[in-house]
Every structure is written in structure tokens, then in C-alpha cells.
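Colleague: My questions all concern the structure below.
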Amino acid sequence: MGDTAKPYFVKRTKDRGIIDDDDFRRGHPQQDYLIMDDYAKGHSSKMEKGLPKKKISPGNYGNTPRKGLYGVSSNPYAFKNPIYSQPAWMNDNHKDQNKKWLSDELAGNADSWREFKPGPRIPVISRSRKESFQESDDAYRWQEGRGCRAVRRLFQKDLSSLEAMSEMEAGSPENKKQRSRPRKPRRTRTEDSEQDGDLDGPVIDESVLSTKELLGLQQAEERLKRDCIDRLKRRPRNCPTAKYTCKLCDALIDSIPFAHKHIKEKRHKKNLKEKQEEELLTTLPPPAPSQIHAVGSAIDRVVQEFGLHSENLDQRLEIKRVMESVFRHKLPDCSLRLYGSSCSRLGFRDSDVNIDVQFPAVMSQPDVLLLVQECLKNSDSFIDVDADFHARVPVVVCRDKQSGLLCKVSAGNENAWLTTKHLTALGKLEPRLVPLVIAFRYWAKLCSIDRPEEGGLPPYVFALMAVFFLQQRKEPLLPVYLGSWIEEFSLNKLGNFSLKDVEKDSVVWEYTDNSTGDTSSAKEEAPKETAAKKGQVPLTFNIKHQPSVPVGQLWVELLRFYALEFNLADLVISIRVKELISRESKDWPKKRIAIEDPYSVKRNVARTLNNQPVFEYILHCLRTTYKYFALPHKVTKPNLTKPPSPVTCVSDPYREAKNGGPEPQATNIDKLGNAAVAQDPGVQTSGDCRAQLVTLKNTTEEVGSPAKEKTGGVHIPAHQESSGCVQAEVSCEGLEDATAELPETGSDNEEVRRKTKHPLSTDDQGLSSSKHPELQNCGSLCGLQADNTLELVAEECNSCASLDNKAEVNEERIEGAEELEEAAALSCFSPSVQSRTSAAMHFDDEEEEEEEEEEEEPRLSINLTEDEEGVANEHQVDSRYAGSGEEDALSEEDDLAEPAKGEDTGECGENVGGTLLIDLNRITLKEESFPEEDLPGDQSEFFYEFRKLTFTKGKSPTVVCSLCKREGHLKKDCPEDFKRVQLEPLPPLTPKFSNILDQVCVQCYKDFSPTIVEDQAREHIRQNLESFIKQDFPGTKLSLFGSSKNGFGFKQSDLDVCMTINGHETAEGLDCVRTIEELARVLRKHSGLRNILPITTAKVPIVKFFHLRSGLEVDISLYNTLALHNTRLLSAYSAIDPRVKYLCYTMKVFTKMCDIGDASRGSLSSYAYTLMVLYFLQQRSPPVIPVLQEIYKGEKKPEILVDGWNIYFFDQINELPTCWPEYGKNTEPVGQLWLGLLRFYTEEFDFKEHVISIRRKSLLTTFKKQWTSKYIVIEDPFDLNHNLGAGLSRKMTNFIMKAFINGRRVFGIPVKGFPKDNPSKLAYFFDPDVLTEGELAPNDRCCRICGKIGHFMKDCPMRRKVRRRRDQEDTPNQRYSESKEKRSKEDKEIQNKYTEKEVSTKEDKLTPCAAAKAKPVRAAVDLGREKLLRTPTEKWKRQDDRDSREKRCFICGREGHIKKECPQFKGSPGSLSSKYMTQGRASVKRTQQES
């Protein structure tokens, strides 16, 4: 989880349970505990809720599956989604509610705590789902400098390890049986009691305050409560100086001034707005039947306009038939089948045509697609033929010439066909699914979130989401396929179940009893037929028992389900089971969306959504769309005749009153509210300023003088200091909107902005029921006597003097109309709903506007005071609201250049000079009962449409690269792709510089090649070990392989030994793991060996140990016979030409100096680089060496099978001149070849398209090998399934290629003289600071203990070995004093060693990477804080010391360091350290990398 969920630990004592539990609850009200069993360790599906469920508030509807596997507030949405856990601010008595909420969720009773205690309690911090990693860091930023900095640092540093938490929890009272917690010393207990005494005091001592001060404090705190900031009831232990807490931001505040500063912060404002928005969405009631009908009509229009119909399906079938005729000659045994939306009808008319080729088993997928590509290119029926063979599903893309539809042809895509077959059957049996999915997909298309290549979701995912929703409804419309009715079913065994096919409207499932299988992940492998059990489940319910739910209602419920109810961050969308599946059970990372394909259950099909901004954008669109469809929206009827609705706009000195002729029904004004629109004198107005007005009672009065007046309940104060004043009175009758059009004022350089606040208050007096059917569902009447104060403040109306700004104004008009319409729509809801949602109506998510508001003064006066409320309440206008359809009349393509029609609207003057000021402080609405015939009863008045701006509010998805995770570009344009690096041309190679390169290459061979004596010593070690092992393993034979025998070995390189047993040609019938463990036990008896370590989890089990006398590290593997033949092959190549050895040694020196030559640490092995050198020499023109595996004397290539692979190669090197015609033709010097190698791999060779393979001369494509997902592909010459570059990450690949590119520059640009800081040629050419640009090799995949990849620190074999040794030392048979003395002595040695190392590092100005990480925490100023910090710091010091002791060197056998840091290793003769790194600057830089 990283920074998004830092654990919080609770201190415990022996006498009482949780210390400061109240304090813990107040300081972290969003935390919850997950109770797990010991077996699960957080990844089992048997997770239980540790807290009681919260009841859903009465205002909510629909089921809430978020309460599935987690506690009420354990998900990231709980704090922002009151539907899930209703917070305190939802009720008026929020003090008591908050207290009850905390006590229910976190305290509970003793029985409830004891009921759920199968394992450790893991705290989960409830986070907003919109929070990213950066926002989580910002959540504590305000505390810096407030007296809590040191505590917060300690909190982040010391309490972030889950393992340490488990160890602490092991000592809790509920786990006393497992481990007894030692009693605290008396001094510590005394200090704790003193601390508790200090913290138990009042947060603010009111007894010392005067009456005036106390009154001021109460008033200030009442003001803070409105912003969700309350006084603490007790000082928190982690920040004793805090006095207040912000519930929204989960922040501690020291004083009232700091609280006011916190209120002004953008983070608090954002959280407040989000809270208001969530309140609005949560409290919206279900849509009325008339609304449902209107929503259904909107969906029907989408289906009719964009959906697939019978003629479209026939057209796609015809394309398939044409393609079959094209393939008939080249692929006679293959058949085609449609899949995707072309078959299921869950798509659009212009959707791609997906065609899959079924081919016989004798053919391979690459062969089939290459033939498909060839056929389509030669066909006249298809154009624009292209191939995308590097996609996850390789396809050939073309376009049908007649219809213009895009066709994608795949081969053997069985899972996609099964999923399509499933969805097709569901669409035929459940008719409501097709329009629901088409609407969902069209919504996604409008919002631009159905583009997986841009970080969105695959289109068919929305069909799975719709099916999942229909299964999870309170009254489900579709069944699930696996459940308790199956005898063997349980969530723990879900991985053993798989869906196989759809037959006769039923799903065929299969169960495999795999007791040894991993239940945490689903199994896709085909099980054995003998252990398989099959069954069938119907696809749909019985028609008689299905509820009749219209599509419009399902659409609104689907939006609510995913916007508010379902926990997308923690749960998996799976249509197989009814139970909710956690991500831990599938071992999928949290965050964003997880969707399981029912026929490919290992894969998260939503993993293309790989960035947080797009995820937040999807949630924004879901919430916005739900709010749009949940609120009533009316359609404007221009043909209806209504009494005139005069709108009088007065400007001084220009005043016009339009009284002649009928007024239009609706007037377009963007916003009406408390705003002042200023204009410079003499500036011509341009554009128009539109807003929707709520319908008022039909009263027509003239506006008086510019002085302060009270007219018809609209309070309009005039500003005398302004040059002009516009006062407006709006009145209309019935249910239609009054419309007024005001000329905008402004200039090219000035923008008029308006800010909206929308408190909608209701006095709950005199309410009675309405008989109108639509409004009964809302729980209140629009036509009842009620005092509803609706304050409308004009928002963001920009003056436009040029056409460039017109598009922006158009969007603001539409958005403003939408927000005002939603505000007025709430007038038909109950007063309680209005009061809870009033403050959230005009929610603005644009952060840019907030930044502008902070940077500049508002240009519009907003006069909101407490005194004005009473004045406004005295003058109310009787009114009612019947909805507005203005928004539907507008669209994204509205032409803003259309002139304003003054004769049709209330015009407020043209060419106004001076300052135009609109100051409408309040519009009060007073509802009265009206005749029933006047109420909106016609269903046709509700109108909805699918529009992008309505769903997105002007936002767009963030473009994030899936490769580097940075914003602003896509993967195909990623600058980190090494193929996109622009290489500078190299100057011509001079003869003098070429001679220098020759000398460098030859010197590398002379310096590092082993001598004859060393080769003899290695053979002697082999013989000695073989004779020793034979005593326990008779018939054992040891053989040297690898660098010791292939001709490319270094001095002091590892000794690789292969062990075989007479009578066994292969390892079949042998228990390799047990044999390796027994071999390790035997080798421990050898007095000349140290650090024997069996590694049985590797691909080839080995025993590692250290040979004392020679100082060599030895690896013994069992039946690694292919490696023996690889050694023979490389040895044969090294004997062909001496330049082969020179280049291979130069390559090995280059890779070791750049730290890219160790496969165990995530890079390539030296064997892989040797193959790269051989491949280059084979591809050179003319070639330096032949392809030995392609040279043979007979007509057919011989076969010599070992482990199922042909290991034949031409090994008669003496006869090579007669068998290979190219022998001796290449006479290039070795230096020129070395530079040519660097240029070949940086300029010519295409790593994406081709494979490095020394077994064939012709090029081999990555698609042919089906290794398209890897970065560097190197094929083993014998084991053709082994890719030596499979372990490379993107970071390491870029690091390797950067080294090659820099090497090309260093070795390719001639120099006249060498710099003084590089005294030798080798130090100049192999300077790691130049080759790697001073960067260290990526180690993010390496273990922190041993530095190897393939495991993490907790699974490190060296760590387990240390633990076993300590357990043996602490056995009762040994004396405690001796073991204690021994351990303390070792600890002192380690401490002295690291002290000396740090001193030497400071002298050399280096920073060692492996130094101990324990750093003393900076002590706080006051004494109480020192007491708080003392104990945890010492504990973590001991922890870090223990981690350093768990490191053990393979060479010297001592603890505290690894082989790379060993002085013996660095000082060994012939090593890189002694040769190059002690020469000038290279020594310093290299030491920095190695330490």
C-alpha cells in the first residue's frame, strides 16, 4: 500500500488492554481492523469482519455490497461515501452520532472483540478513493512545524513494517499462549504513568479563562464546527500539543489560528466539497416512474441509433464468408468464427469485426497468422493490411473494402470465444442486458474510458460489469454459476473450479480436486480427467420468478452501484460467484479496478487501467452521471403558450423595460445570484450571459429606483459607488422557466468570473402530503407551504470579446444550466433531503479555478452576512419549481456566434457604457399548494440524453504512459524506449585510435584470463571433492563446466560443478531436492569448506559453499547435463579464432564495470553476453566464426538428444577450413570488431523484432518464438525454450542499453591524449562514471539481505540460516552465558566494523549502500517528547542491528556484510578492483557502486 495506508499501532500493557484507545479513535477515526486467521496471513478468503455492520440511513436505497468482506469503514470509500458508513455530519445531533459511530465501530463490547480473534489485528486506514500517493503525503503536510514533526517522522519510520507489527501483536493479551510479553521495568512504567497523567488533563483549561474569553472561545469553536473541526476530549499521545481535530482531513490542530489557516487550505476545501457531493448523491431518492420512463427512452434512442441490428450482423457474417474464401487455398484445414460484439450484439454499428482462426494442432499460431497476413495482402476485398504481433493477443488488422469496417484476425483465441459465447447466450435469454450494456458502453465511449491503449478499460469489460451488477442486485436478475449448492464448493477451493463451456442455455463447470494446488490463485491448467467433476448451471432464472424491472431503473441502479456501493479498490468483479472476492485471495494488487474474465480467471482484464488519475476520472464520471439521471430533468416545450413572464432589467443611466408583446417561456441566463459584473466605461459588450432561473410566482412588478429596494421578495441593494446598477425582477407563472438574456460585459483582456454558493435551507413547518403521484416518491410536496431559501450566486460567466473564447463560454453555460437545474429539481424533495444536500449543489471539481481564486482577488462582490438572512426571510416570493429543460436544448456544438435576440428575451441594454453591476443577494422561494392540474404530471416533460459534457463536466482523462507511468504521452511515444534515442554520428576511426582499441582488448584478456596453474588448481579441487563425496554417495562423478572450462573464465571466478551418479543417465527417478539436502549435510563434514547453503527452490537445485584454501565459491548442481554441452560448444568457438576470446573478455570486463553482468541481481549473465558476442561475429560481413550447429557432412542434420534437445554441433575444429568456405576471410582487427559490436547492438539490431540465436544464420523473429513480451531475447543454443533475457525488467533493460550507447560514444570517438585523472587507457575506457552516467544499476527487484532477485528479504535463505543458527545457540543444552557472551562479542565486532567503514567512507567522500540503516531519531525539544521517542528508537536500532547481523559473507563466513563487500573479495589478485578500480578516478567511482 505504500504511503496510502501506514499502519498505526496501539501500545498495550499487561494490566489493562489498549492504552489510550479513546485517543486512538479520535486521532484516527477512519481506521478499522481486519481479523485474519493465522493460515491466511492476509491472503485468505476466510477473512471476517472485526466490527459490527452499520445500518443504512433511511434516505438511502439499494443494496450495499461494500459491506462484504470488510468492516464498515475499512474500505477507501467509507469516509467519503455516507451510503456505506453514515458519518456524523449526516444528522443534526452530530455530537452524539459521532460518539456512537466511533464507539460502535472501534470500541465495541468485550464479547464482540473476543468473538473475532483468530489472528493478529491489521489496521486499515480508510482513505478516499480519489486520494493518490501524493495526496496522502499532503495529508500530514500541515502538521509540519506545529510541534508534531518529530512524532510524525517516527510514526512513518518506525510503524511502517507489517512484520514488526505482527511481532508486537504476538505479545498482545489475546495471543499470550503463543508468546509471553516481558514485563516492563519499573522505571519505564513510572514514566508511562507520568505521561498518562499529563495526557489525562483537559485539553483546554476553561477554569483559568474569564467569562469574556470563554464566550469568545465558544463562539470560535461553534464556527469551527461548521467546518467539521472539533475540540479533542483528550490529548493524543502522538501529538500532545494538539487541541482540535479536523474530521474531514483526519488532522490534528494546535490552536484556533491554525484551525482557521487549515480551513483556508485547498485540501480542506476539496474534502469539504467532496463531502457535500457525497451527501447529495447518497441522499438522492429512487427515481419516480416518470423519470424511469424518460431514462428508458434515452437508452432506447441510443440503442436505435448506435446499436447492432439484424442487417448489421448479416453484414459481418458476409465479411467472414468472404474472408473464408480468401483463406481457403492457403489454410484449407482452418475455419473462421466471429467473436466479440459482432456475435453478442453488445456493441456498436462501427465496432471492429473480430474473427478468430481455428487451426489444427500440427500448426502454430505464428505460422497461421503469417499466412493470414500474406493472404489478405494478396486479396482485393481487403485493404490497409497490417499486423500487431507484439500485442497480448497477436492480430492481423485489415479493413473491409466494401463496408469500411475494421477487421482484426486472431488465431486460437479460445478464451475470448468462450466469453463471447457466454455473453451471447445471456443477451438472448435476458433481453434487458443488451440495451443496458450498449448504454454502458456508449457512456464509456463518450467519456473516453474504453481505450485500453490509453490507460482505459477494454470495451467488453463493461458487459461483465453489467452482468455482475444484475447478479448482485437485492433482487437479482441473473444467477451465479458457482455456489453452496455444489457439494465441494467453498471460497478456499474457488481456484479448483473453472467454467468450460455454454451448452443449451447452461454453463458447464468443472471441479478438480487439487489438494496441493495454490488456492490463492485460480487454476487455468487443464486438470486430469480422472479427478475432474463436471456440472451444469442454468444461465438465467425461471421467467416466472424474474421481477419486472424496466431498463431505465436498472441503468440508474447500475450507476449508483458502481459510484457509491461497490468497493472497487478492495474487491474483484467476478460473475462466477455471489460471494464477494477480495483481491488478496487472487493475489492482485489493490487500487483501481479488478475484473475477472470468467474463462481466464488468472488475468485481471482491467489491468490496462494502470494509473490513478484515470481511475479517479472514471469515478468522477460515474458520480456525475448518476447525479444527472437520478435528478428530474424537464424538457422545454416552445410550442406551449403561457402567460407572459416579464423580466425587467434596469441599468443606470440606461434603463429599459420590455413590456410589449408576449415574453418567451424560458430565458437563458447562465447563473442568477449574488454577483457583481463590472465593466470598464465605454467598452462595447459582446456575447451573452445566460443562466437558468427558477420559476417564480406569476407576479409582475416594475423595478424602482437604483436605491435599496424590496421588490416582490427579491432583495436588491444598489451600490451607490458604482457608475451603474442593474436590478432585475423575474417572475413567471406555472411550470415553465423564465428566461432572460443579459449582454455580457468585458474586454479582450478582462474576464468576469462568478463564484457560486448554494445554501438551500428549509423550515420544517406546515408540511403536508401531496396527492401528485410523482412527488409522493420524493417524500414531500412542491406545492406545500414551506419556506425554502434558495440562494443562487452567479458562477463563472466569462466575458468574451473574441471568437476564441466562445467555446469556453458555451461549456460554462451548459454546466451552469445543469447545476441550476439540479438545484431547482431538489425543490420537489423532502425538506430533510434539501437541508442535507443544499450545500453540495454547485460542486466544482476544477482545481485550476481554485488556484486562480487563491492567486487573484475575486472580481465579483459576494455579500453574504449573517444579518442579511433575517432580511431575506422577511421578503419571500411564493413560487414553485417544475423542472427545467434548458440543458437539453444546448449541446456541445452550439454556435456562440449567434447574435442575441433582444426582441425575444428580456434584454438588459445594448452597448452599455460605464460599470454594469448586478447584485442579487437573495432569491427566496415560498412554496404554496397549487391545484393538482398545475403539477407536473406529464411523463413527456422528463427528458434525458447522453452527452459527453453532461457526464464529464468538461474533464478529460489524463494520458499516462503504461511504460514509465508518467503523464503526457502514450507507450508508443515513451522517451524511455531505448530505440527512440537519437544517436550522434561517429567520426571515422583513425589508425592510431584503432591500435589503441586493439591494445585495450588484448590487455583485458591478459589481465583476467586464468593461468595454467589456476586451471590445474581447479581440477585438483574437483578431484578432492569427488573423492570426499564418494564416501557417502558411491558412484558419484563431478564434472567442471561453465567459465572454468569454456575458455572465457576469469581469475577467481566461481567454480561450477555438475554432479552425476553412475547408473542414472538422467535425473529421472531421483529426488533432486532431497539429494541436494543430503549432499549439503555431507559437505558440512569437510573441514576445508565453509558456509554450505543448499538452494532447493531454484530452477536447478544447487549447493553453494566456500572453499577456504583457494578462496573460490563453488556451486554443485545435479544433472545439469545441458550445461556441460553448452560448455563444449563455447569452448569450440573460442578455439576457432583468438579474436573470439579477446572480444568475450572485453565484453565481460565492460559488463562488470557497468554492473550489468550478474543475472542473480536482475541483469544478464556473463554466458548471455558471450552469446551476444558470438552472434555478432556470426552476423559480421564477412563472418568471423561459423554457425557450428548448421555444419554437418551428411544430407540430414544429425540428432543427439539430451533432455529432449538436439545437442549436435560440428566439433572438429581442425577440419573447419575445408567445411566452411568463409574461413579466414574476415581480417578486421579486434579493436575495430569491438567498436563494431557496440554499434551493431545500438544501431542495427532490432531487439523488439529479432532473437539473438547462435544456432542459425538466418534471422529469427520474436513473434516466431512467441517471446514478444520481453525486451532482450537471447535463445539458448540447445534448450530452445530458454530465454536468457526473460528476467530483465524495463529499468534494467534501459540501464544496459544506456551503457552500450555510452560505450559506443567512448570507444567510437578518437582522443589524442588521455585525461590526467585517468592515468591508464583501461581506466579511461572503462570508467563507470561515464558508461553509466554515475547511476547505480536498478536494484528494486533485489533482496535487501543478499542482493539477489527471485525472493524478498523475508524469504531470504541467508536469513533462515541465521535464524537456525541462533536457535541452535539458544537450545537448553548450551549454557546461556556462553551464547550470550558469543553473541555480544559478534555484535561488538559488527559495530566496530561499521564504525570503521563509515569513518573511511567519510574520508573518501563515499556513501556505502550496505551500511547499517539505523539512524537516531532527532530528539524533540521538550522532555515529554523525548520520553515518547526513546523506547521505539532503541527498539528499531536493535532491529536494524539484527538485520545487519543476518547478512553473511560467502567468502570469509563473517556476519554483517555480503561477498561483494568482503575485503578478501576486493583485494583478490586479478580481480577488477585490483586492476582498474585503484587507478585514478575509476577507483573512487567503482568503490562507490560496490559499497
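Glycine is treated like the rest: Cβ placed from N, Cα and C.
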Colleague: If you check Swiss-Prot, which stretch out of 369-386, 567-584, 1197-1214, 1341-1358 is marked zinc finger?
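Modeller: Of 369-386, 567-584, 1197-1214, 1341-1358, Swiss-Prot gives zinc finger for 1341-1358.
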Colleague: Quick check on the record annotations: which of THR283, THR865, THR1036, THR1332 is tagged phosphothreonine by Swiss-Prot?
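Modeller: Record annotation (Swiss-Prot, phosphothreonine): THR865.
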Colleague: What residue among SER57, SER172, SER1181 has an entry for phosphoserine in Swiss-Prot?
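Modeller: That would be SER172, per the phosphoserine annotation in Swiss-Prot.
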Colleague: So which of SER722, SER891, SER1027, SER1474 shows up as phosphoserine in Swiss-Prot?
Modeller: SER891
Colleague: For the candidates SER747, SER929, SER1400, SER1483, I need the one that Swiss-Prot annotates as phosphoserine.
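Modeller: That would be SER747, per the phosphoserine annotation in Swiss-Prot.
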Colleague: Among SER132, SER180, SER768, which is annotated phosphoserine in Swiss-Prot?
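Modeller: Swiss-Prot annotates phosphoserine at SER132; the rest carry no such entry.
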Colleague: From the ranges 673-690, 1051-1068, 1249-1266, 1447-1464, grab the one Swiss-Prot calls zinc finger.
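Modeller: It is 1447-1464 that Swiss-Prot describes as zinc finger.
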Colleague: So if I measure Cβ to Cβ from ALA1168 (UTP binding site) and keep only same-chain residues at least 6 apart in sequence, which ones fall under 8 Å?
Modeller: ALA1159, ILE1274, LEU1284, GLY1285
Colleague: Pick out which of the recorded positions SER600, SER1043, ASN1126, SER1166, THR1170 has the most other Cβ atoms within 10 Å of its own Cβ.
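Modeller: Sorting the candidates by Cβ neighbours within 10 Å, the top entry is THR1170.
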Colleague: For the zinc finger (1447-1464), what's the mean pLDDT in this predicted model?
Modeller: 63
Colleague: If you count Cβ atoms within 10 Å of the Cβ of LYS1045 (UTP binding site), leaving out that atom itself, what do you get?
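Modeller: That number is 19.
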Colleague: According to DSSP, does LYS1045 (UTP binding site) fall in a helix, a strand, or coil?
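Modeller: Looking at the DSSP assignment, LYS1045 (UTP binding site) belongs to neither helix nor strand, so coil.
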Colleague: Sorry to bug you, but what's the C-alpha spacing from SER600 (phosphoserine) to LEU1055 (UTP binding site), rounded to the closest Å?
Modeller: 44
Colleague: Helix, strand, coil residue numbers for the zinc finger (1341-1358) per DSSP?
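Modeller: Each residue of the zinc finger (1341-1358) counted once, the result is 5 helix, 0 strand, 13 coil.
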Colleague: When DSSP states are grouped into helix, strand and coil, how many residues of the domain 'PAP-associated 2' (1230-1282) land in each?
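Modeller: Per DSSP, the residues of the domain 'PAP-associated 2' (1230-1282) fall into 19 helix, 5 strand, 29 coil.
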Colleague: Looking at the binding-site residues listed here (SER1043, SER1053, ASN1126), whose Cα lies nearest to that of SER600 (phosphoserine)?
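Modeller: For SER600 (phosphoserine), the closest Cα among SER1043, SER1053, ASN1126 is found at ASN1126.
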